[in-house]
Structures are given as C-alpha cells and as structure tokens.
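Asker: Pasting the feature list from Swiss-Prot:
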type     : residues : note
REGION   : 1-25     : region 'Disordered'
COMPBIAS : 8-25     : compositional bias 'Polar residues'
ACT_SITE : H65      : active site
ACT_SITE : N138     : active site
BINDING  : Y348     : heme binding site
Amino acid sequence: MDPYKYCPSSSFNTPHTTTNGGHPVYNDNSSLTVGTRGPVLLEDYQLIDKLAHFTRERIPERVVHARGATAKGFFEVTHDVSHLTCADFLRAPGVQTPLIVRFSTVIHERGSPETLRDPRGFAVKFYTREGNFDIVGNNFPVFFIRDAIKFPDVIHAFKPNPKSHIQESWRILDFCSHFPESLLTFAWFYDDVGIPQDYRHMEGFGVHSYTLINKAGKVNYVKFHWKPTCGVKCLMEDEAVRIGGTNHSHATQDLYDSIAAGNYPEWKLYFQIMDPDQEDRFDFDPLDTTKIWPEDIIPLIPVGRMVLNKNIDNFFAENEMLAFSPHMIVPGINFSNDKMLQTRIFAYGDTQRHRLGPNYLLLPVNAPKCAYHNNHYDGFMNFMHRDEEVDYFPSKYDPTRHAERHPIPNAVITGRRDRRVIEKEDNFKQAGDRYRSWAPDRQERFLRRWVDALSDPRLTLEIRSIWVSYWSQADKSFGQKLASRLNVRPTM
C-alpha cells in the first residue's frame, strides 16, 4: 500500500463526519447519556476525543514575534551577482525561487493590535534547489544590543512588567540606559517609522552581516536590504489610535485583501558589500548589530525582486507552524563573526524545537522543496515513512555519499579566550547623523516622543540625566532641547 495515499488531507474528506480514527459519526450534536437527562458516560469516546483535542489546540506562543501575518510568492533575480556568490538561486538574472514571508510585531502577544510602537519582523524563507535559506530580519537595520548574552534581558525589559503584565517605558529606559549602543536603534524606534502604516509599506533588513562566497572562494561581508516598491509609509500616533481602535488586525487585513485583489506587493532586494580586508578602515565595527553601513560609503547593489502573489491557505499550518532560523543558509552564503548572529544560530532552532517539537522541519511549510536525506530518525510527531535498513553513515550497504564540497570562509582566527566588549564602540555618531538628516518637523516629533517617554514618573532623575547625556554626545542641539524640556542636566 502507498503509505502516503491516505495521509490526512482536506482533499481526502469523507461526505460525512468521522472521529480522528476514521469511525463514522451519526450524531455530533448530542453526548452519550443514560436516558435523556442522565449523566454523560465516560465511554463516549467521540465526546472525550473531541474535547481532549480542543483543549490542546493551542501551541506555545512565540516568545517574540508572536503576532504575525504570512504570504507566499517568489523571488526573481534581476541583476547578475554571480561574481559575488555561488548560491544557486542567485546564479543568473531571470531565475525564480518560491518563498514565504512572515511579517510580525516583536514584543506584544498574539492578537495584540498592529498599531503599537514596536519593531516589526521581516522574515523570508526561500525554498531553493539547495535547501531552504532564511533571512530573519526586522524593519530596523540595527538592534538595541550587540552581544546576545543580553538578549533575554532586553526582551524582558520590553515585555510587560511580570507583576502587573503592563508594558512600561520606565523598564525599557532603565535597562537600555546601561547600554549606550542602543541609541541608534532608538533613533528608529521613536522615529515616525516606529509605527508602519502596514506591512506593504515597510522596509526590511537582515540586520546582521553575513558572508558571500563565490566559486573562486572570495569572501565578502554582506548586508541584506528590502525596499518596498510602493514606498515607506507610517502612522502618526493619532492615526494609530484611531485605526487600532476599530481594527486590531488592520495590517494583516491590508496584506490579505491586497493580494486577493491582485495588487501584489513587491520589494527590491539589495546587497551592501564590504571586503573583509577593508574593515579596519571604518570608525565602527562592521560586525556590530548596533551600527549601519553608511550607504554613501558602501552603496546598495540591486539583486532582485520579491513578489507576494498568494495568500496562505491555513493560518495555523502556514503561520503558527512556520519556523525561521538564521542557521538556514545555502552554499555561497555563510555566517560572519557577528556576536548576535552567532548566538541566534542556536537560539532560533532551539525555540522552534520547544514550540513545535524536534521534527518541526518535517512540517510542510518548513520542509525543503528539494530532495534531502539524513539519519535523523524518530522523535515526537515524526510522520515520515521510511523503510531503510541502514540508519547510520557510512555503510557498505547504502550508496549515500558526501555532497560535493562548496567554498566556505577559511579565515584564520586567533585570540585569547575572554569576555570583552568590542574595541570600536562609537555609540553616538550614527545616532546623531540620523537625527540631523531629518526635516525640522520630524525632529520635533522625535523630541516629543522622547520627552513623553522620559516623563514617566517611575524614572529617576539619574536615568533621565543619562539619556540627556547620551543624546548630547550624539547631537548637542538635541541634547540641549531634551534637557530643557525635562529640566535636567546631563551626567557627563
């Protein structure tokens, strides 16, 4: 018998209802009782099975990015980048690759309004011929911290107070006051882009520095940028309050309705490329996630376009069970020594195993669309039918062999084991540059948001003074305005 012929699927529905075991159900409206009013019998397995499944329908919520919307489409190469990478899906202009994208808010719970000030997730899974490739990014190009040992702490600070379950700005600003590298990310967070109008009008960034390797073995650092062809649009606070008060799923609905109407959203993918031999030329560390690579020095290189032209068929199967991880790379693309990236490689796969189980990569939305083979057997919810007798490698009885070798970074790394901060911190220059690039009205809105946040009565004078000092080092004029509005002096 074909083991896959009768796998559960909506295409194999019966004309009548059944139990999960396939038994016909002649009455799904009444429990089995003794008489018309008697007690319900424990032997009513139809009822027990239905209730037991219902009470287990929910799975653990994502610890971050719980609220999300998903769509499917394709990526098409539009420019030749084969001199930069040997990645098969980027081999030539015109090559198309199917993909799925998940947009999300970061901090708030599943079901929370999509109008809250919060970073947005921008995660893309490419189903390539060499396996899946995930770019797990955000709508900000930088992050609040540079070392992932503080990641649980920064998320705890942004999450609701464990006592009251209320998100409070004093907790955020207290924690981040110890980390001046967060200043540049706050220059996005409290900027207009802190509340995107919807997902279609939102940029995406890979945040981390990866490496590209070409066929000759040449390695370059790379950053990924997604630019929406319909432009970037944001919500002001009054608009966010009005929209969020009537539709807490406005961004999800906008994405779904646009695709259903044939108005397919599109983004252009760009690379920023840096030769590792040149990284010491800069006054910042290129592998620091709290820094951008200035585009006037390292310009954007066009690569291709992403088009989302199909809505998902089932929210749970293609959104809740969808799993991304930065460790999903393909030949021609590799990691850098970015501290945040190095630890996310472990953390994301680990949280998926907790949330979905050890066989989460067997779920259809996560499984590669190419042929694959390994000796990962058994485990909870392993529904793959396998009939091999050899479950080890190597073997004289199994022709499986190693894949053809592909180029990987081979830089020699030396150093002393230690817990240290990076040498080039430069925590203030880029934040000041960003602020000075804005028009006066945008600067005023940014100032007002900082004043509102720092006016939280739980914040001490010391913490307010620290932030005034940080911004005074980034831009003297802004620091003076902030100090004047708050009636405080900087501590530095």
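Start at 1 and count along the chain as shown; that gives each residue its number.
Just so you know, glycine gets a Cβ as well, placed from its N, Cα and C.
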Asker: Sorted by position, what residues of the same chain at least six away from H65 (active site) have a C-beta under 8 A from it?
Answerer: R102, S104, T105, V106, G121, A123
Asker: Residues with Cβ closer than 8 Å to the Cβ of N138 (active site), same chain and 6+ apart in sequence?
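Answerer: Once residues fewer than 6 apart are set aside, N138 (active site) is near V106, P119, R120, G121, F122, G204, F205, V207.
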Asker: In terms of DSSP three-state secondary structure, what is the assignment for the residue listed as 'heme binding site'?
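Answerer: Once the DSSP labels are grouped into three classes, the residue listed as 'heme binding site' ends up as helix.
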